[in-house]
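Only one structure is covered here, and it is reproduced in the block below.
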Amino acid sequence: MVDAKQVRFIIGVIGNVISFGLFAAPAKTFWRIFKKKSVEEFSYVPYVATVMNCMLWVFYGLPVVHKDSILVSTINGVGLVIELFYVGVYLMYCGHKKNHRRNILGFLALEVILVVAIILITLFALKGDFVKQTFVGVICDVFNIAMYGAPSLAIIKVVKTKSVEYMPFLLSLVCFVNAGIWTTYSLIFKIDYYVLASNGIGTFLALSQLIVYFMYYKSTPKEKTVKPSEVEISATERV
């Protein structure tokens, strides 16, 4: 008979697969950058921000912080490698934008310093699992909610233009499923309030995007196409 812990593990594996799909979504953008040998007008911000988010969740899922969330660490570890690859490609082909290279390296250095500081505080200044989980979990939630919320800003543009041109349906749907899976994962066996908080809010935000999409879908001119530079930001939502 399957117990709650096994069910949680299975759902976590499903969440890993879906999250991997989200991490891989910008691959088309970077293939375009590689072929054109130029970053054009694509922004580096989503990928640099996701590096920070992944590092934090990798640490949160380790046994030193949370003993039952190793699947959170595994997918974010994979995501970290993918995002660093994206950033590396961006650095290779942003030669005509020297300030971008300087900014990226500066932000990455700052992120590493912050994560190292969080790790040191957690390991040497905090006592007890609850205190450690609360400290790291709250920080993770702040970053995760911000990343879930950023694509939802497109709702404002949709309402103003009465067009869903800049709100890709498939990404919104996958983000909704992803957040929903991780919300379910957080509720089974042992409630993980920090995975629950950010992904619960993420589920609501993604659902809001889908509702707005269906409200304005018919009023969108069919001949218009989605611009890659607008779509890329929507692929940054993870655990």
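Residue 1 is the first one shown; counting continues down the chain.
Cβ from N, Cα, C; glycine included.
Under the heading domain 'MtN3/slv 1', Swiss-Prot lists 9-98.
Here Swiss-Prot flags 134-185 as domain 'MtN3/slv 2'. Note on the domain 'MtN3/slv 2' (134-185): DSSP counts are 44 helix, 0 strand, 8 coil.
Per Swiss-Prot, topological domain 'Extracellular' is recorded for 1-6 (among others). Note on the topological domain 'Extracellular' (1-6): residues 188-189 of its chain, located 6 or more positions outside it, place their CB under 8 angstroms from a CB of the stretch.
DSSP places the residues of the topological domain 'Cytoplasmic' (28-44) in helix, strand and coil in these numbers: 9 helix, 0 strand, 8 coil. Residues or ranges marked as topological domain 'Cytoplasmic' by Swiss-Prot: 28-44 (among others).
Sequence annotations record features per position, and here Swiss-Prot assigns topological domain 'Extracellular' to 66-69 (among others) based on sequence analysis. Tertiary neighbourhood of the topological domain 'Extracellular' (66-69): same-chain residues 8, 60, 129, 133, 137, 189-190, 192, 195, selected by CB-CB distance under 8 Å and a gap of 6+ residues from either end.
Swiss-Prot lists 91-103 (among others) with the feature topological domain 'Cytoplasmic', giving sequence analysis as the kind of evidence. Residue counts for the topological domain 'Cytoplasmic' (91-103) under DSSP (helix as H, G, I; strand as E, B; rest coil) come to 8 helix, 0 strand, 5 coil.
Packing against the topological domain 'Extracellular' (125-135) from elsewhere in the chain are residues 60, 64-67, 118, 194: each is 6 or more residues past its ends and has a CB under 8 Å from a CB in it. Annotated topological domain 'Extracellular' per Swiss-Prot: 125-135 (among others), in sequence order, evidence recorded as sequence analysis.
The topological domain 'Cytoplasmic' annotation in Swiss-Prot covers 157-168 (among others).
Marked as topological domain 'Extracellular' by Swiss-Prot: 190-194 (among others). For the topological domain 'Extracellular' (190-194), the model gives a mean pLDDT of 93.
What Swiss-Prot records for 216-239 (among others) is topological domain 'Cytoplasmic', and it gives sequence analysis as the kind of evidence.
Look at Swiss-Prot and you will find 7-27 (among others) tagged as transmembrane segment, backed by sequence analysis. Outside the transmembrane segment (7-27) by six or more residues, the chain places 46-47, 68, 71-72, 74-75, 78-79, 82-83, 86, 171, 174-175, 177-178, 181-182, 184-185, 188-189, 232, 235, 237-239 with a CB less than 8 A from a CB of the stretch.
According to Swiss-Prot, the transmembrane segment annotation covers 45-65 (among others).
Within the chain, the transmembrane segment (70-90) has long-range Cβ neighbours (under 8 A, six or more residues past its boundaries) at 9, 12-13, 15-16, 19-20, 23-24, 26, 30, 33-34, 39, 42, 44, 47-48, 50-51, 53-55, 57-63, 100, 104, 108, 185, 195, 238-239. The transmembrane segment annotation in Swiss-Prot covers 70-90 (among others) and rests on sequence analysis.
Long-range Cβ contacts of the transmembrane segment (104-124) within its own chain (Cβ-Cβ under 8 Å, at least 6 residues beyond either end) map to 44, 48, 51-52, 55-56, 59, 64-65, 87, 90-91, 94, 132, 135-136, 139. Annotation source Swiss-Prot lists transmembrane segment at 104-124 (among others), citing sequence analysis.
According to Swiss-Prot, the feature transmembrane segment maps to 136-156 (among others), an assignment based on sequence analysis.
For the transmembrane segment (169-189), same-chain residues at least 6 beyond its ends with a Cβ under 8 Å from one of its own Cβ atoms are 4-5, 7-8, 11-12, 14-15, 18-19, 21-22, 25, 68, 71, 148, 151, 195-196, 199-200, 202-203, 205-207, 209-210, 213, 217, 231, 234-235, 237-239. Annotated transmembrane segment per Swiss-Prot: 169-189 (among others), in sequence order.
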Number of helical, extended and coil residues in the topological domain 'Extracellular' (1-6), per DSSP: 3 helix, 0 strand, 3 coil
The topological domain 'Extracellular' (66-69), counted residue by residue under DSSP: helix, strand, coil: 0 helix, 0 strand, 4 coil
Outside the topological domain 'Cytoplasmic' (91-103), six or more residues from its ends: residues with CB under 8 Å to it: 33-34, 36-39, 44
Secondary structure content of the topological domain 'Extracellular' (190-194), with strand meaning DSSP E or B: 2 helix, 0 strand, 3 coil
Beyond the flanks of the topological domain 'Extracellular' (190-194) by at least 6 residues, Cβ under 8 Å: 60, 66, 68-69, 133-134, 136-138, 140-141
